[in-house]
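Taken verbatim from TrEMBL:
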{"type": "TRANSMEM", "residues": "B:30-51", "note": "transmembrane segment"}
{"type": "TRANSMEM", "residues": "B:83-102", "note": "transmembrane segment"}
{"type": "TRANSMEM", "residues": "B:109-128", "note": "transmembrane segment"}
{"type": "TRANSMEM", "residues": "B:158-185", "note": "transmembrane segment"}
{"type": "TRANSMEM", "residues": "B:206-232", "note": "transmembrane segment"}
{"type": "TRANSMEM", "residues": "B:244-269", "note": "transmembrane segment"}
{"type": "TRANSMEM", "residues": "B:281-302", "note": "transmembrane segment"}
Amino acid sequence: MDFGPYLLLASLEGAVGAAVLALTALGLSLVFGVMRIVNVAHGEFYMLGAVIAWWVTSMVGGHPALGFVAAMVVSPLIVGIAAAAAERLVLRRLDYDPEATIVATIGLLYVIQQLALSTYGADARPVAAPIDFRVQFPWFGYSGYKLCVIGASAVMMLAVWLVLTHTRVGLMMRATQHDPETARAFAIPVDRVYAGVFAIGAMLAALGAVLIVPIQQAHYLMGHDPLLLSFIVVIIGGLGSLRGTVLAAVIIGMSDGIISVFFSPTLAKILATLLVAFVLVWRPAGLFGARPA
Amino acid sequence: MSRAVGLHIAVLAGLALAQFTLPEYHHGNLARIMVLAAFASAYNITFGYAGMLSLGHAMFFGAGLYAAGLAAEFGGIAAPGGLVLGVIAGALMAAVVGVLALRTTGVSFMIVTLMFAQAAFLTVLYFGEWTRGDEGFVIASDMRRVLGLDLADPATRYWAAFAVFGAVMLGSLAVARSSFGRVLAAIRENEERTRMLGYDVFRAKLMALAVSGAMAGAAGAAYALLFGYVGATFASIQYSILPLLWVLTGGAATVLGPFLGTLLMFYLIDVSSSFTTAHMMIVGFALIGLILFFPKGILGTLRERVVPWLP
């Protein structure tokens, strides 16, 4: 295959990765933006979403699309409830102290991982794609499902943006982000906003995972890479800036896909993590962040 | 001699006596625990005394581990030289990372150290030709000799672990009781005020990181030389989280807390493994429970209620 088509293939792979990464990182960014806490267990909510998706699709018979649609609904719902419970039982009692929250969510990470290992097992299991067609380019055929993932992710991000900017709930979230004290004075139930935001953040990760699971198999350790990549994206995009997060996800996801095709993936990851460390050292507000974090 | 110094010497004397009284199985465990406790004590300098939440200490432990391991494998440098190299590697790595990472504080500091440690871990994997990555390598037994004594022999190994742990613990005690230790505590309590009082905050934190890195490097080198195995797992994020868990359990900013925490968590997992394989669950619930109900750890709570003179 010539360089041109090869680059196109690499870009398509990168775009699929970027689409899922953007959804996952958006969840992390939302939680950081509104609640000012770092959720280290975010990758485990992603993994939980994938594992539940496998579980739902294997219970629902018939056409693969039926099970997939059921998973799209059930998996984020269960993950959201679990996240809200964790928020109520643990994070609230810590008063959202940033460092105590990091320790607690590391604990949560281990608990969720062990739950998945003990119930689901150590095997990687595939989920059938809901649709099965190939888009034929002049040089190669490409999975139609992967193209749909890009579209679905874009639609969901648009929905998040609409909710944040055009609804009452979104207004409450933005008010809480801006100044929780004043928001409380205006009768905004800040506690419930926090629980809701934490749940929505986890649900976005779960949605990303349901989309990816027909491409990558569900595995109990799969949350590790998305967590690190989401950290990277959220930092580069500017801590707390949603627009920056999406933009950074596209850049990081695309370049990760393209570099991994042409170079060693390990070297690509070393360069990416070092780059992020240096960005945070010299531009603590991130590349697109307006205000210091 | 104050009662604080007396207490720590008594603990060391107890550990020395344990060498002759413990059954074989626990004797081997305690040697391992002492080396890991030296690592936890190193973490305690930055996390406990200076209040810096690092998630990158695995890279300092790993620096010591690989300095000693690679020197023995390719340089033919035996145990004592390996330990010195480990200390230097840990301190140097901590100083370089510190110069960069200390431009940030709080959550950013945690993420930067995490990223550097991840890059270091990936570098170990990338040079798999020499490090043999996840699989690791075994250090040849003729490299594991000190003064003609074989470190693989349980009694020698115990004394070597005791020496490393004793040195690190007494070092921590010296830091805790020095004016340098008080400056670190002041930074932890209120960084801005400490700066206003005229202390060079950046320099004190960098010193704390370098001391912590040297101790972690010593622990890493000792682990490699005493147990004869070097692998990438010891540089992974898990080994940045474990010292945090041990220090939180025993009590941050207490000299004996890291040892107590390491001892308890080691035996908690050891005992529980007879009826469950769910180790991660225990570690996870321990972290959540500690931060919710005992944020000061065992000795921290004791100091608050019973023994206010505990360093």
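Backbone N, Cα and C atoms are what each Cβ position is placed from, and that goes for glycine too.
A TrEMBL annotation is a machine prediction, not a hand-curated record.
Not measured: the values here are computed from a predicted model.
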How about long-range neighbours of the transmembrane segment (B:244-269): same chain, 6 or more residues beyond its ends, C-beta under 8 Å?
7-8, 11, 29, 32-34, 36-37, 40-41, 43-44, 47-49, 53, 55, 165, 169, 172-173, 176, 185, 188, 279, 282-283, 286-287, 290-291, 295-303, 310-311
Three or more CB pairs closer than 8 Å, sequence separation of 6 or more: does that hold for the transmembrane segment (B:30-51) against the transmembrane segment (B:281-302)?
no
Using a Cβ cut-off of under 8 Å, list the residues of the same chain at least 6 residues beyond the transmembrane segment (B:109-128) that approach it.
52-59, 62-63, 66, 93, 97, 100-102, 134, 232, 235-237, 240
Spell out yes or no: are there three or more C-beta pairs under 8 angstroms between the transmembrane segment (B:206-232) and the transmembrane segment (B:158-185), with each pair 6 or more apart in sequence?
yes
